[in-house]
Structures are given as structure tokens and as C-alpha cells.
Amino acid sequence: MTSKIIVALDFEKEAEALALVDQIDPSLCRLKVGKEMFTTLGINFVKQLHQRNFDVFLDLKYHDIPNTVARAVRSAADLGVWMVDLHASGGLRMMEDAKKILEPYGKDAPLLIAVTVLTSMEDLDLLQIGINASPMEQVLRLAHLTQRAGLDGVVCSPQEVEILRNACGEDFKLVTPGIRPIGTDFGDQRRVMTPTAAIRAGSDYLVIGRPITQADNPAEVLRSINVSIG
């Protein structure tokens with residue numbers, strides 16, 4: 001499966017989520033399950049997505065002591081997810097332990113990526129938590145730490161992609177939320193870009209939610225975005 005699109009499932013009810021999922025083609029996208037849905041619906045929901053042949057990005061952004069995060073990552077691998085993430089701000093040792101625990105899974109291990117700076121955060125937000133740096137400076141710092149830990153890549157806003165691609169190389173995966181097709185609402189994302197521009201900048205995977213999930217014809221919107229990014 002070669003699609004670069006990850007559809008973010010942000011629903012309150014399982015039936016609503018599955019109604020959307022059953023309208024789209026697993027060969028054209030992967031699916032992201034975040035904290036709200038996973039807390040409400042649990043692993044059985046992920047299993048239902050797997051039964052429909054979708055790859056799943058388990059977006060739980062683990063951030064805890066190293067042993068706890070490593071064991072959580074192992075549980076995600078046992079569940080069979082395609083990708084799982086953690087917060088780079090948890091530190092080098094936390095990331096290294098999470099990566100090491102996946103070694104026995106070999107080629108079946110999920111991609112392990114780190115969250116750098118949330119796309120809703122701006123300079124003032126960082127300053128309020130004691131970080132006297134711009135979002136780009138902090139992203140670059142945490143991306144280098146992630147790479148040092150041996151992880152597969154990072155989540156970053158599309159505006160940071162080109163700099164990170166140059167800084168971290170071609171094999172480092174860049175996963176970008178904040179993707180909005182032309183003419184759609186920016187929602188709660190502050191640093192946004194169109195799908196075509198994000199791919200041109202060097203993104204590997206595009207996380208897109210409401211422009212697809214709230215569309216009158218989700219399958220057609222998904223098809224159109226795939227066509228636009230080639």
C-alpha cells in the first residue's frame with residue numbers, strides 16, 4: 001500500500017466512525033486512531049479496522065518514564081498497528097528504550113515516530129511552558145534527538161518539512177498534520193498547508209481529518225487528494 005494519506009478518525013461514536021470507514025478504500029489511505037477514540041472504544045475498534053484491511057496509526061503520543069513507554073509500545077506492536085508515536089520531549093532514554101523493545105518484531109515492528117511540537121502551538125505557547133525558542137528551533141532540536149535515538153521519523157508541521165528533510169536526510173519519515181485542501185476550514189491547526197505543497201516540500205505522510213471525514217462524499221475527496229499528489 002503506497003498511499004501517503006492518513007485519515008484521522010475523530011468521532012464520538014463507533015457507528016459513525018465505521019460508517020465513514022466503510023465508504024473509503026484501504027488501498028487509498030491509512031487510518032489514524034487518537035486518544036479520544038481509543039479511550040472510548042479500545043483495542044476492539046482497532047481490530048475492526050484491521051479486519052477491513054486498513055493499516056492503523058495509533059496516535060497516543062506516549063510520554064512517561066522509559067519502562068512504561070517501552071511496554072506500551074510493545075503492546076501496540078502486539079496489536080499489529082502500522083505506526084505508533086511518542087513525545088520526543090520524554091527524552092533520549094525513553095525513546096531508545098521504546099525502539100529497543102521493538103527489535104524482536106523485526107520487519108513486523110510498527111514505525112516508531114516522535115511528536116516534536118504540536119501543530120496548535122506558537123511562540124507564546126512554548127514560552128508559557130518555559131521554552132524560549134521558536135517552534136522551528138524546538139522542532140529541529142527534538143528531531144535531531146529523535147534521530148539519535150534511532151526512531152523512524154517525526155510528526156511535524158508542513159512548514160518545517162523542508163528544513164527537516166535537509167537536516168535529517170531522505171530516510172527519516174516526516175508525518176504532517178495541518179493538511180487542508182484549498183477551500184477548507186483551518187480548524188484548530190495553526191500551521192497548515194495544502195496536500196500538494198506538503199508533498200512538494202518533502203512530506204512522507206499527510207494526516208487529513210475533517211476535510212475527508214466531514215465531506216458529503218468522503219470517497220471522492222480522498223480520490224481527488226490522491227490524484228492531486230500523484
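Cβ atoms are placed via backbone N, Cα and C, with glycine included.
Noted in Swiss-Prot for the protein shown:
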- K61: active site, proton donor (ACT_SITE)
- D10, K32, 59-68, T119, R180, Q189, 209-210: substrate binding site (BINDING)
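Swiss-Prot feature annotations superimposed on the structure.
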residue : record                    : contacts (Cβ under 8 Å, 6+ apart)
D10     : substrate binding site    : G34, E36, M37, G209, R210, T213
L60     : substrate binding site    : G34, K35, F38, A72, A76, V84, D85
K61     : active site, proton donor : K35, D85, L86, H87, V115
H63     : substrate binding site    : V69, L86, H87, S89, G90, M94
P66     : substrate binding site    : G90, G91, R93, M94, E96, D97, A98
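Each of the binding-site residues T119, G209 was scored by other CB atoms within 10 A of its CB, and the lowest score goes to G209. In the three-state DSSP reading, P66 (substrate binding site) counts as helix.
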